[in-house]
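Report on the following structure.
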Amino acid sequence: MNLLVNNRFFRYTSISTFLNQFGSSIYNIVFIIYVASTYHSKTLVSIANIILMIPILFQLLIGQYADRIRNRAKWLIWGGISQSILFMIIAYLTNQKSYLVFSIICLINIISDCISNLLSGISMPIFKHHIPQDELMTAYSLRNIISFICGIGGQTFGIWLLEISNKNFGFVAIINASSFLISSIILVSIKSLLINNKEKITRHSFSRNFLEMYDASKGIFSTKSDSQFIKLITTVIISNVLGSAIIPIFNLYFLENKWQNFSYGQTLLILNTTMILGNILGSLFPKDFFSRLSLKKY
């Protein structure tokens, strides 16, 4: 916490990151409710759930592109402004109902989430130039805490906005746009700290970067055999895919099956909050029963 108070760079970037991720979290749950309330179609709700997962598929490419960017200050500032403009467009489109409008809003959501991932990738390498080496882990931990807070707080705030505005999705989109804009304005005040002309950009091909990541992952899992590692990583991928499918399945289930006296939006909020709290608890207790098992036995 002292780092947040005493380090101007970390304080301002953390506030900016909070506003950006908070804005993204607000509309992720609101987007599902918007599609369910406006189009009343299981197919479109399914597509909306898939749309929210698409940016994850591009994270590797986005991360590599972020490492090659030189003018980080410009990208960080204009990235948030671009998201603000995109959500102002969404605010206008939500008053209309057509498959074309739905398609455009889906595309904007994908672009906005990809921009958020890009901004995160751009900002992280700057940390080492403004934060002491012995405090880097603290900084990264605080950033993770911010992400968890945004996950719960953003969704809660989004549902609350819908309740007080009588499901005015355009109004929520404007709040989103404001959040992104303010996050960029905050970075303008520390623009000089975001510039590092001494940083050397190393450019490698995608295949070389992938092989380096592959070898590093083998080291993390302490496996020397390629076949053993492939089996292990395949299991991890399948587990994550199945885990990611839980929320979309429940989103569809509660579309026609009301839970207690809660509205659809309130039910989704409880569901997502429970999942996030589960992730937090899992992170707080890393040395559990499963951590003591050896991967070499399986």
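Quick reminder: no glycine exception, Cβ is built from N, Cα and C everywhere.
Model, not experiment: these values are computed from the prediction.
What TrEMBL says about this one:
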TRANSMEM  12-37  transmembrane segment
TRANSMEM  43-63  transmembrane segment
TRANSMEM  75-93  transmembrane segment
TRANSMEM  99-119  transmembrane segment
TRANSMEM  140-162  transmembrane segment
TRANSMEM  168-190  transmembrane segment
TRANSMEM  232-255  transmembrane segment
TRANSMEM  267-286  transmembrane segment
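In terms of C-beta pairs under 8 Å, the stretch of 43-63, 75-93, 99-119, 140-162, 168-190 lying closest in packing to the transmembrane segment (12-37) is 140-162. Three or more CB pairs closer than 8 A are found between the transmembrane segment (168-190) and the transmembrane segment (75-93), so contact between the two stretches is assigned (pairs 6 or more residues apart). For the transmembrane segment (99-119), same-chain residues at least 6 beyond its ends with a Cβ under 8 Å from one of its own Cβ atoms are 20-21, 24, 27, 31, 34-35, 39, 44, 47-48, 51-52, 54-55, 58-59, 62-63, 65-66, 75-76, 79-80, 82-83, 86-87, 89-90, 93.
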